[in-house]
Amino acid sequence: MSKRHRLDLGEDYPSGKKRAGTDGKDRERDRDREDRSKDRDRERDRGDREREREKEKEKELRASTNAMLISAGLPPLKASHSAHSTHSAHSTHSTHSAHSTHTGHTGHTSLPQCINPFTNLPHTPRYYDILKKRLQLPVWEYKDRFTDILVRHQSFVLVGETGSGKTTQIPQWCVEYMRSLPGPKRGVACTQPRRVAAMSVAQRVADEMDVMLGQEVGYSIRFEDCSSAKTILKYMTDGMLLREAMNDPLLERYGVIILDEAHERTLATDILMGVLKEVVRQRSDLKVIVMSATLDAGKFQIYFDNCPLLTIPGRTHPVEIFYTPEPERDYLEAAIRTVIQIHMCEEEEGDLLLFLTGQEEIDEACKRIKREVDDLGPEVGDIKIIPLYSTLPPQQQQRIFEPPPPKKQNGAIGRKVVVSTNIAETSLTIDGVVFVIDPGFAKQKVYNPRIRVESLLVTAISKASAQQRAGRAGRTRPGKCFRLYTEKAYKTEMQDNTYPEILRSNLGSVVLQLKKLGIDDLVHFDFMDPPAPETLMRALELLNYLAALNDDGDLTELGSMMAEFPLDPQLAKMVIASCDYNCSNEVLSITAMLSVPQCFVRPTEAKKAADEAKMRFAHIDGDHLTLLNVYHAFKQNHESVQWCYDNFINYRSLMSADNVRQQLSRIMDRFNLPRRSTDFTSRDYYINIRKALVTGYFMQVAHLERTGHYLTVKDNQVVQLHPSTVLDHKPEWVLYNEFVLTTKNYIRTCTDIKPEWLVKIAPQYYDMSNFPQCEAKRQLDRIIAKLQSKEYSQY
């Protein structure tokens, strides 16, 4: 053996030759050798024991993971192969990775990973962490029963209490079912009544499926589509699915459609149920699942031809309910007081959930709670206050899942306080909530067809809503619900269930969509709760005056185009008609501004400064043109956040408006509607915009009476200009965007108009033969007479 290739046998290897005179040394060396050998044996034994323990650990971990995977309906992991295994060459093509990888810095062996069927990559460790939590949801016990019903029935009703996991898990099981079928793979749609729920649930499910949001899992809400050609599971608002049905009446893209939160009975959900009931008859391969959080599901079963019912209980704990002895005069004040008291006095850990009615109220409450807790000094526990309402951007909505602040050294408890609209009633589940404060109010749409007024009013909630709110406190452990109303009010004054939205809404948009879907016989359309005939008649009348329907009630070319815009019919008409007045660019901007939340910020501590800032944008002719000024200034200042802050403008609203404007522009381009502007230096620049406003809102006009108040034209309702208007004078004729019912009747977002435009632009509506007697009629009669004479022909 050459020196270079000789094995290094070590100095312990006995040599064949014995050196003379070294007996004593040899004995000593032998003893050393023995000691070292024993040490090595001990080391080897310890190493063997360590390896055995590692193997045992790995075996246990694999066994528990396999049990978890098998219960989830996934294949178990295989044992890892050695590098020389005959299978290793094919490991990349197998459904499991064949090698266990060694992490050098710890020496631990990680488990072989399952391949994600959607990405063809190994699942991330986070996937398994989330999977463990998923498998603890009550809904998992019912997976086999669910799959069995899904296979055997075309439609069925599923009742699952909030927190059972139905919204996140059922759609994923439907994806599994669709992937198991032969032929082209259709998608799964899951509708939500609220934008916030559609966005946050889609994000959660994308995490659970270990995919990127917007790829295999996406969402679609008005003015925002986060999906792609790869999307197989789409969460969307019910209105968006209805819009998809207009261009795809049989909804061929989907194999399963889930109507979630159906108990909320929104306008779009009710219409969708009627549409899907018909689609199911024409498509035997379509599955429809109606999901509800309340137990009054019998009505849904009967509606869908006595289909089966699957009930999944939630995991709820007892909730202690407290009422106020006397009615509260100011529920907002009482709510803030209750939050502070619970935070200071309750010795149990646990987060708070406060229900309020809208964004302004929520922002105000958040500010005041923070201020009051800060004033209490450092001895009190830290508090994290999180608002929740539909117009919050997705990343801020995700804050509700953050942990509460830690305990202080003095033992003071840190708490999370979520201040939410009724979206937290059933749509979203927030773990960790132990205390619920329920003032007993929510904003509801109310419609009076006689005077054609639809308003959002703060009204008392139903008993069903109150029960849902209380249930939020018992999700993780026994909780407490503080109702800021009396027990007598709960028992005697509250309705059992919330009135379906279809019975209290203006149906203009709905009728236009149904006509676009080819449903002409509205009287015999299968509504779950048919609306009042008068409400339907008012909707048909509105669409006829807007020229969306002809006198026979058929959809016109204009009406068909209007239906493609995700806007109220009046706004859609105004956008299309603005092309004829050379101001479609400006009307697009105004429409976008009207489609987003209020852009003017008016903080309690800086009302005067905010009002002064607003007046810098004010246009003499009114609020619509003021909104246009704000949008133009925002763009000229390069969409600056600081500029918005300095001018008391809501940056988020302006960015949303910009997004809405781009989407509406794309729809205009699709129909070859020209986007143009009148020369800014022309005296007609603002006149043309105001005329375009009249094309959509000629039915929403008020006339100033000699007594100093306004009367709405035709309906003769006494109204006043809303205090927020920039009009510093009282024009004789005003067009208004909305009628606000509060302590007084207000008209909001108003513009000064000329009566001549009314009779020229909407002669059918301003036909004097069926006009009620009033000062406005006498004025219009005179104008019509003048217009008919040649002297006024320039109009």
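Every residue number used here counts from 1 along the chain in the order it is shown.
Note: Cβ is positioned from N, Cα and C throughout, glycine not excepted.
Copied over from Swiss-Prot, here are the features:
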type     : residues                                                       : note
BINDING  : Gly160, Glu161, Thr162, Gly163, Ser164, Gly165, Lys166, Thr167 : ATP binding site
COMPBIAS : 20-62                                                          : compositional bias 'Basic and acidic residues'
COMPBIAS : 79-110                                                         : compositional bias 'Low complexity'
CROSSLNK : Lys786                                                         : SUMO2 cross-link
DOMAIN   : 147-313                                                        : domain 'Helicase ATP-binding'
MOD_RES  : Ser15                                                          : phosphoserine
MOD_RES  : Lys488                                                         : N6-acetyllysine
REGION   : 1-111                                                          : region 'Disordered'
MOTIF    : 260-263                                                        : motif 'DEAH box'
Helix, strand and coil residue totals from DSSP for the motif 'DEAH box' (260-263) stand at 2 helix, 0 strand, 2 coil
Its Cβ having more other Cβ atoms within 10 Å than any other among the binding-site residues Thr162, Thr167, the winner is Thr167
Pop the Cα-Cα gap between Lys488 (N6-acetyllysine) and Thr167 (ATP binding site) into the table, whole Å please.
-> 35
Measuring Cα to Cα, how many angstrom lie between Lys786 (SUMO2 cross-link) and the residue listed as 'N6-acetyllysine'?
-> 63
Of Lys166, Lys488, Lys786, which of the recorded positions has the most Cβ neighbours inside 10 Å?
-> Lys166
Enumerate the residues of the same chain, Gly160, Glu161, Thr162, Gly163, Ser164, Gly165, Lys166, Thr167 excluded, that satisfy the criterion Cβ within 8 A of the mean position of the Cβ atoms of the recorded ATP site; list them in sequence order.
-> Leu137, Pro138, Val139, Ala293, Ile312, Gly314, Thr429
For Thr162 (ATP binding site): DSSP state (helix, strand, coil) | coil
Looking only at C-alpha atoms, tell me how far Gly165 (ATP binding site) is from Lys488 (N6-acetyllysine), rounded to the nearest Å.
-> 34
Where does the mean pLDDT land for the domain 'Helicase ATP-binding' (147-313)?
-> 95
Gly160 (ATP binding site) to the residue listed as 'N6-acetyllysine': how many Å between their Cα atoms?
-> 30
